Each structure stands twice: as structure tokens, then as C-alpha cells.
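Presented below is the structure to which this report refers.
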Amino acid sequence: MLTLMLLQIIDNEEPMIVAGTISEIAYTKYKRWQWWFLVSLCIAFLIVGQSAAVLLGRFYYDQGGNSKWMATLVQTAAFPVLLIPLFTIPSPPEASTSASPSITILALIYFVLGVVVAADNMMYSTGLLYLSASTYSLICASQLAFNAVFSYFINAQKFTLLIVNSTVVLTLSSSLLAVNEDSDEPSGVSKGKYIIGFLCTFGASAVYSLLLSVMQLSFEKVLKKETFSVVLEMQIYTSLVATGATVIGLFASGEWSTLHGEMEGFEKGKVAYVMTLVWTAVAWQVCSVGVVGLIFLVSSLYSNVISTVSLAVTPFASVIVFHDKMNGVKIISMLFAIWGFASYIYQNYLDDSKARHAQAVAMSQNENDSSC
């Protein structure tokens with residue numbers, strides 16, 4: 001309901017045309033090397049941040065942590081560190097002449113997105129509690145299939161044979177894990193809890209994909225800023241709301257009273273407990289900046305594609321760090337995930353080539369008109 005209200009408000013704003021799969025706001029603002037540098041930086045932030053956060057989250061549960069609300073809180077609580085680059089990194093002057101959105105609309109957008117982010121993080125935390133890091137990451141591959149659907153209806157993304165192929169393959173990838181009888185659950189987790197973990201992770205992937213599409217729509221139709229600071233502002237304000245909602249849930253659930261005992265019983269000690277939470281929070285913020293940055297610079301679809309890259313990194317890392325089993329079904333599922341990822345990458349390459357060709361033709365025509 002909250003998301004539908006937000007979409008209705010955004011649709012009432014003046015539309016902005018976006019060529020291909022690349023954000024016209026960012027692509028026309030930055031020089032080519034600057035744009036590629038920022039895209040590469042966001043890709044690195046996303047892959048490193050997400051992989052580290054998932055592994056640290058699994059480590060938190062394995063060493064005695066069991067608070068789902070705390071695991072949810074650390075996904076947004078480190079947002080104040082983003083104030084440092086926001087106020088210290090200079091932004092180029094704005095060239096946009098469009099009217100700024102009202103404070104009421106901005107507040108509503110950030111509030112709705114923040115509440116949905118909190119709910120989505122809670123589902124992810126539940127999934128990670130009951131699943132191994134490798135299984136969790138591979139199920140998250142389904143978010144690309146959801147993103148294809150939401151991008152079509154919300155962001156006017158065109159379906160192609162490659163996107164349809166990727167959607168089917170990624171759905172099959174996560175379905176294999178759902179029926180895998182030899183799936184490795186963390187110790188003490190029953191088959192029923194494993195199914196709950198699967199459903200929560202699968203549902204969280206759908207909500208996450210919806211969030212990405214709504215964020216892209218917000219950049220295009222409401223925010224319309226041409227500086228990278230809008231990425232930090234989006235992350236800071238939505239994280240502020242999500243953190244507040246999670247804190248309320250933490251106290252309302254009564255889990256706050258168990259945190260001291262949880263720290264005392266953490267197998268690696270109190271210092272390790274605190275450092276695990278701190279670095280998990282930092283890793284999630286690094287990942288989130290990469291996610292929102294790619295939405296601003298390219299598209300929600302591309303951001304989700306790059307998120308999938310870490311799905312190929314995390315399972316192998318979890319085998320090394322946590323000694324997760326990598327059975328045959330899981331390997332096949334991973335290959336399907338890579339296949340679907342490759343299909344998206346190639347489609348993005350084709351779209352980018354068309355966009356660059358169209359831009360070159362338009363510039364050539366403008367030069368010819370000027371000479372005449």
C-alpha cells in the first residue's frame with residue numbers, strides 16, 4: 001500500500017525521458033572517463049560491500065548471535081558515515097532548470113522507501129539466520145527475474161529474448177535450491193525453518209527489486225539532480241527512516257533485553273561481537289552506496305545485474321571461510337545464475353552500443369545544422 005501511494009505521487013510529476021538503459025541525467029552531466037570511473041567505483045563498492053556483509057552476517061549467527069532485529073539494524077545504522085563524503089566532497093554546480101520537488105513530497109518518498117527498506121532487511125535477516133551463506137546468496141539471484149518485471153511496468157524497460165531467457169534461467173536456479181534435499185542448513189536448523197528462510201529470502205528479493213525500480217523512477221521524475229550527492233542523500237535519508245523503524249521493532253519485540261547476554265555468550269568474545277556488528281554495518285553502507293549509485297548512473301536493472309556478480313563470489317568465499325558444502329545441485333544452480341547474469345550483461349552491452357550510436361548521430365546532425 002505504501003509503495004502504491006508513492007508510485008501515484010511520482011507519476012504525477014513531470015516525466016523525464018531516459019534513453020536506452022543509461023540514465024540521461026548522469027550520462028550527459030559527466031565526461032566519459034568520469035562516468036566510467038564512477039560506475040567502476042560503484043561496482044567495486046557493491047561487490048565488495050555485499051560479499052563482506054553477507055559473510056559477516058553469517059559469522060554473527062554462527063558465533064552465537066540470534067537477534068534478527070540487530071542483524072536488521074546493522075544494515076542501515078552506519079548511515080552517519082556517509083555525512084563525511086556528503087559535506088566534504090565538492091559537487092559541480094547544478095545545470096538543471098527544473099523546479100525542485102516540495103519538501104512534503106521528498107519527505108514522503110524517503111519515509112515510504114525507508115519503511116519498505118526496513119521490512120526488506122528484516123526478511124533478509126530471517127533468511128540468513130536459517131540458510132547458509134552460499135544458499136542465501138544463490139536464492140538472491142531471483143531478484144533479477146523480479147527486476148525484469150518491475151522495470152517493464154515501472155521504468156518502461158523493454159523485454160528482449162535475452163531478458164526473458166535470463167528470467168527463466170534465474171527462476172530455475174532458485175527453484176533448484178528450494179527442492180534440494182541435501183541443502184546445508186546451519187546447525188540446529190530444521191527443514192521447516194530452512195523453508196521459512198528460503199521464502200523470506202525469495203520474498204525479500206522481490207521487494208528489493210521493486211525498491212530499485214521505484215528509486216530509479218524517483219531519480220528520473222522527482223529528484224532530477226545532476227550531481228552524485230543525490231545518491232548519498234537518498235541513502236542517508238532512507239537509512240535514517242529504516243533505522244528508526246528497526247529500533248522501534250527491536251524494543252517492541254523485547255529483543256533489546258537479550259543483547260547483553262548475547263554479547264557475553266558470543267564465542268569469539270565481546271570485542272569480536274562489537275567489531276562484527278560495526279564492520280557489518282559499514283559493509284552494508286558501502287554496498288548501498290554502490291547500489292544507489294548505479295541506479296543513478298545507469299539504471300535499476302544494471303544495478304541488480306552487478307548485485308548478482310557477488311552471488312558468484314560469496315558462495316566460493318563461504319566455502320573457504322565457513323566450510324559450506326558445495327554439492328552438485330548447488331553448483332548447477334550457480335551455473336544457471338551465472339548464465340542468467342551473462343544474458344543481462346550482454347543485453348546491457350547491446351543497449352549501450354545503440355545509445356552511443358544514437359548520441360553520435362544526434363551530435364553529427366547538430367553540427368551539420370550549425371554549419372548550415
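The backbone N, Cα and C atoms fix where each Cβ goes, and this holds for glycine too.
Annotated transmembrane segment per TrEMBL: 35-57, 69-87, 99-119, 128-153, 159-180, 192-214, 234-252, 273-296, 302-322, 329-346, in sequence order.
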Two-stretch contact, the transmembrane segment (128-153) and the transmembrane segment (35-57), at least three Cβ pairs under 8 Å: yes
Best-contacting stretch, by C-beta pairs under 8 Å, relative to the transmembrane segment (273-296) and drawn from 69-87, 234-252, 302-322, 329-346: 69-87
Winner by Cβ pairs under 8 Å against the transmembrane segment (302-322), considering only 35-57, 69-87, 234-252, 329-346: 35-57
